[in-house]
Amino acid sequence: MTHPSDTGTAPVLALEDVSKSFGAVRALRNVSLELYAGEVHALAGENGAGKSTLIKTLAGVHRPDAGRVLLAGEPVVFHGPGDARDAGIAVIYQEPTLFPDLSIAENIFMGRQPKRALGRIDHKATHAATLALMKRLGVELDPDRPASGLSIADQQIVEIAKALSFDARVLIMDEPTAALTGSEVARLFGVVRTLRDQGAAVLFISHRLEEIFQICRRVTTLRDGAWIASEPLDGMTEDDLVRRMVGRDLDELYPKQDVTPGDVALSVRRLTREGVFTDISFDVRRGEIVGLAGLVGAGRTEVARAVFGVDRWDAGEVEVDGKQLTSGAPSTAMAAGLALVPEDRRAQGLVMDMSIERNIGLTGLRTTVRAGLMDRGAERSRSLDWAVKLQVKYARIADTVSTLSGGNQQKVVLAKWLATGPRVLIVDEPTRGIDVGTKAEVHRLLSQLAADGVAVLMISSDLPEILGMADRVLVMHEGRLTAEIPRSEATEETVMAAATGRAAA
Amino acid sequence: MTVTTPHETTVAGVPKSSGTRLADRVFKMRELAILVVFLVMIAVTEAGNSQFLSEQGIKDLLLNATILVLVATGQSLVVITRNVDLSVGSTLGITAFAAGTYLQGGGNPVLAIVFAILLGIGCGLVNGLLVSLGQVPALVVTLGTLYIIRGADSIWVGSRQITAADLPGGFVDFGSGGISAVPWLALIALAVLVVVAYYLKQFGSGRELYALGSNPEAARLAGIPVRKRILAAYTVCGGLAGLAGAMYLARFGNVDSSTGNGYELTVVSAVVVGGVVFTGGSGSVYGAALGALLLTSINSVLPALGVSSVWVLAINGVLLLLAIAVDRVVAVRVATALKKKSALRKGTAATSGPAASLPQQDNSPSDPSGAEKGNTHA
Amino acid sequence: MPESLTRAIRWDTVVGALLIVLLLFSFGFVDGFGNALNLSFFLGNTLPIALIALPMTLLVVSGEIDLSVASTAGLSGAVMGKLWNDGMAIETIIPICLLLGVVCGLVNGLLVTRLGLPSLAVTIGTLAAYRGIAQIVLGSNAVTDFPTQYLDFAAGRFGDSFLPQAFLPFLVLLAIAVVVLHATPFGRSLFAIGASEEAARFAGIRVKRAKLLLFTVTGVMASLTGVFWALHYASARYDNATGLELSVVAAVLLGGIDFDGGKGTLGGAVAGVFLLGALQNVMSLLNVSAQSQIVVTGVLLVISVLGPRVARQIAIARAAGSPG
Amino acid sequence: GGTTKNDVKDDSAGAATSGKANPNAALKKGLTVGFLPKAVNNPYFTSSDNGGKKALEELGESYKEVGPSSATDTSGQVSYVNTLTQQQVDAMAVSAQDPGALCTALKQAMKNGIKVVTYDSDTKTDCRNAFVSQASAEDLGRTEVQLLAEQIGYKGQIAILSAAQTATNQNTWIGYMKDELKDPKYKNIKLVKVAYGNDDAQQSFQQTQGLLQQYPNLKGIISPTTVGIKAAAQYLSGSKYKGKVKLTGLGTPNDMRKYVKNGTVEGFELWDPAKLGDLAARTAVALSSGQITGKEGETFKAGDTTYTIGKDGVINLGKPTVFTKDNIDQFNF
Ligand SMILES: Nc1ncnc2c1ncn2[C@@H]1O[C@H](COP(=O)(O)OP(=O)(O)OP(=O)(O)O)[C@@H](O)[C@H]1O
Ligand SMILES: Nc1ncnc2c1ncn2[C@@H]1O[C@H](COP(=O)(O)OP(=O)(O)OP(=O)(O)O)[C@@H](O)[C@H]1O
Ligand SMILES: [Mg+2]
Ligand SMILES: [Mg+2]
């Protein structure tokens, strides 16, 4: 296969010297990009580098302040997402954009349903087409179930199915794999390869660099909204790529410090929530990082939610430092020193319309108080401290979090919970959507916290992360704990075996 | 990276399972619950007063409901898009009077109805334009137009009134006539209802109303013409309020500047009782129509049972609360049942896998039956 | 989202400014407005709306609404009349009425928080129920013979000044509400709940407890208003304060409180209340008919949401037009 | 101990009167009289206020009308009393939504030298100078029973469809109706129910339906309110009960013309609202001119008739007119 750009054909879709600002923030500065038919092109950059903004410009969501969008060599102006769609561009946005009240099938085909006579919708054909898509992706989702209540991962799958259903000539994917585990990712890549071979152009964003190397041919790097390079991936190493993105060499990605675990800090006994998980028992000791692995939908998130108290449990006990927690009471859990960095940052982690300062301040309402009134100075300095510590990239601390890039939003969530000085920290997908540089930083932080005596329970779908960081790995399968694997024995094989229910441990 | 294909064996066949059908039933049940409440109420009343379901009685029940059904149908369209139209009462009032004025001058009844609908559409357009183009909160805007239309109506109408004597006899007879117990007006309302429901279910633009109510931002990204759809919903809502105005005139023969005053709360109640959710994206016009039928019937049932009018208002309120509470409790119960069911399934699947490493699992309660298992894998 | 934020921040100051402009205009150009008697009328008649607007603002900020306030007020007035007719001492009756307000608020709150019902639907239901109970309690009676010292307090003013006697307690309540909403952790958590209930719950905020408390306080304030109403107008009837909920909602909306929750200031809400009140007073003095007053209220509401938006569009257009 | 009802003296002893009447005083010119009906836009009040307007123009005074747009907006009516006080009118004619609620404001007005006349619907007696009553409540109540009894042949069940439960005038009339029914000649007539339609067309409509369903043998309905009788008539004329169930009460000839002609209604009664307004206006002018003060026994001339002030400052307009198909075409209001 020769590289498309060598053949002299015009790129299917291109950006030429595009700039875009949000107020004072210059999200894109004279960026150019060319997408050719039959190639998978990676877009790399730190959090806030402007990747999503670039994609939204291609998709007609944003109008560029300067520069042009070229479709098959011709300049075009997209007046809205509909225009881009009609031009054959399918987009998976970073945050799922589903209609919670509608069925999965309707979500996928909204606006483009197969029709019968007189323009009526052919519900049967829609159903069948959805089933076919699910099969192609190798997942089992009922086309008729409503989208509400789907896990983030399943939502992402539906988004992918939606994009595939277009048979588009350009497929743009903004971190489609952030919530997926290895098997789904492999499936997705299989489908993407097929599409590529059929002549589609694909633009792919991921903070998991190995994925970029796995599937992409060329990469465009952005830094602080500026174009750095567009080049073939052949012959590049991960370190090269990181250097382009970050502008310096990277620290070690998994800086796990060795600690001797102390007393039991979190003890979960026979916890059951009917229909969700059954009979979950485990301990987390001071200084320990315990990984919780499993396939999507295994129930890890649900366990975390119940332990923290946002959901009730039906049976069992949870103790923090020997203190029993009550079912369904996050405030008592917090008082006992428990913190939960939730999975869904937009819905659960952040109040999107509030400022960065106040979001971080939300967990400190009891501490930043003087004489019963808010102590704004204390609130601000607490928030500033943590925003700086986690290197959140923002214009002003009083800006609303919704203006931050995805990765920076995640950092705010972390800041918000670390600021409580927890004794037991549960993190659910803590580095989802976080760039490699920051990821190393978060890992270093978790490791440091553990060394300082915090008990950490880390849920992650990123298996290397689990293997790299955890002292012990717990594995869940369909609502039950199926294995407990010490660090020395934890490998991809042993964990996956337990996660898929094939464990013979 | 080695990747194993997961759970092909364990979860296969799950999607087609009873979950779907149950979920389906939950949705149907919401309307069913109201229907049952309604039927029980009617049965009890009939038992207490055999006149209640006489031909005249049934006719009265249907006639009382029609106007509210029409307005509630239009309102549902708007509410489904996560908006609201509080100005329907005012629109109804002004269109009724306009149609009356026209008829008073010797106009043609059919043209009068068309005229009322057009005026309603005009009001709906104004609301729709303000909400969709201005992108401002519907609640505030339509509360504003509620006052504006009502005020304009009062200024225009003054203390004039239109009575049955001013109207063509045929028009007034049409308002109370029908085929035996089924009034003409009810037939019109039913036709409108069926058409709107069919449109919502079978047409792309109808589904898009649900989509944009469910998640407006996603709707925009999906390329749905959001403003156009919202404008359309308001226009239809206004048009139906106009039609209802004309029917009000035919039915009561009697309009003045206060006609339709305070009607918006009744309409909103009907829509809410009917299970149309205020945060948009779900509910059906049949539900809203049943809600309307239930609410108006309460007002006929209580006097028919001889309940003193002193009690009517309180009973009305309590029944309204009961209706929404029961609806909610049923929905929650069914959802829990659904979850339990899928839990059983999951449990079956889990134990069907190889034995796990943790000791506690040995004492897990045994799963009920092999039949259940057979089902899931079928 | 950023648009509505600007609305909340800017609009309450705009309403405040409008109020001041209107007052200045009226003092200067409207006969009879500026004298103490008229001012006391204006303040006294606006007071019931203002009293209910306080808790209503908090409730709306937290994403809920209570449409049953006017009925609660009517019910507490009716109970007051009934008990008075039965010979109970007014000093006992008033606490009982306030307790009744607690119950009314609790019923709303429990239905909303325990059963998870939408507050709009619940309070439309209790709007009818409470008014109906009031009708059962008092029937067609109108009780007017409350003790004069109480009537004088509710209707009177300080000497010949413009200040109604009941205005001072209101100012105290206003101050409390402002502090609670804008300066306490509780107030802060209300904004969080209104903007994202789920995120608030995940931050350990006791969402249900906060909402229950708010509904209860709203009930108490509504019943207090009912007592005040009955004394101010020296008349306890079951249909007292009918329709007051719409006035409160309109005023609060005008003050820039966003009914989606999470935004707004008490200053804006109170400015909205007194703007509408002053406008009505002035228009009546200027012989503007009741019908035209309704239109003006409506136009004002539409402008309150459209105005900031148009202003923003113009600002953007100007920024785009200017070079650089 | 606290303040209870017993501690409060009933101080509303009589009409608020002050000064001495001078029956021969000349009528002043150039006075301003404000009319404050229960609600503007109500056809009934519009006719009566127009009657007042005509009278005032004839006397060389000036007329103005203010009022709330809803008949249940009591606080709105109070603030209009305040407005009129502010505007320093010489007298006001008020139809009170509530007997007590307007008192503070009206007393305030009288303190400022404004004469207060109530018409159609009274307040407590000490809150106004005089009340112009459309007809004596007793007359109305009794004649309506007499009208209906005749129509149904002094036999059968009857019901009353009233307005709001709190409407003072309605309740007084209903009281006299019940009293009249005690007369032995009505021994075969049974009043089965008083229903309330709240002066809302739709509610009155449904209340009528309810009455007929609950009492299939109902023979007649009295509706002493213009809205109620109209709604009841409309329902009856479109139902199988037309002509079988008799309806009477208070209605305007224009409203009821159709139903009288098509046989739904045989007869009903009303005073002339324009005359009511006329008398209210003349009373107000007489008060302002000092011809009367509102004391019992004082007399004054309004138009061609001389009226005497009765107990508690009440002035009666006279007997109501009964409308039947024979005379209804002579009236237009
Ligand atoms: N709607 C907006 N308003 C204001 N600023 C914005 C908006 N959208 C993005 N930005 C800013 O633009 C910059 C680029 O954001 P973008 O979302 O494109 O980053 P990204 O490369 O996708 O990051 P990530 O990897 O975290 O998703 C950031 O500084 C962000 O704060
Ligand atoms: N908010 C929710 N409401 C209802 N059901 C949910 C919700 N979130 C998840 N579920 C369902 O609960 C089950 C367990 O999901 P959960 O998110 O706990 O899995 P997980 O192991 O954390 O997987 P992941 O986080 O990787 O998606 C799944 O079947 C999922 O579809
Ligand atoms: Mg991004
Ligand atoms: Mg999860």
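From the backbone N, Cα and C atoms, a Cβ is placed for every residue, glycine too.
As annotated by TrEMBL, transmembrane segment applies to C:12-30 (among others).
Marked as transmembrane segment by TrEMBL: C:42-61 (among others).
Marked as transmembrane segment by TrEMBL: C:92-112 (among others).
Here the transmembrane segment (C:166-191) has Cβ contacts under 8 Å with residues 43-44, 47, 50-51, 54-55, 57-58, 61-62, 153-154, 200, 205, 210, 214, 221, 228, 232, 262-263, 265-267, 270 of the same chain, all six or more residues outside its ends. Marked as transmembrane segment by TrEMBL: C:166-191 (among others).
Residues annotated as transmembrane segment in TrEMBL: C:212-235 (among others). Sequence-distant contacts of the transmembrane segment (C:212-235) (same chain, six or more residues past either end, CB-CB distance under 8 Å): 44, 47-48, 51-52, 54-56, 58-59, 62, 64, 66, 68-70, 72-77, 80-81, 94, 97-98, 100-106, 108-110, 112-113, 142-144, 146, 150-151, 153-155, 166, 173, 190, 241, 244.
Residues or ranges marked as transmembrane segment in TrEMBL: C:266-286 (among others).
As annotated by TrEMBL, transmembrane segment applies to C:292-311 (among others).
Relative to the transmembrane segment (C:42-61), the listed stretch C:266-286 leads the set C:12-30, C:92-112, C:266-286 in CB pairs under 8 A. For the transmembrane segment (C:12-30), the residues of the chain that approach it from at least six positions outside its boundaries are 254-256, 264-265, 267-269, 271-272, 274-275, 278-279, 281-282, 285-286, 304, 307-308, judged by C-beta separation under 8 angstroms.
Counting same-chain residues at least six beyond the ends of the transmembrane segment (C:92-112), those with a Cβ under 8 angstroms from any Cβ of the stretch are 64, 66, 68, 72, 75-76, 79-80, 83-84, 118-119, 122-123, 126, 130, 211-224, 226-227.
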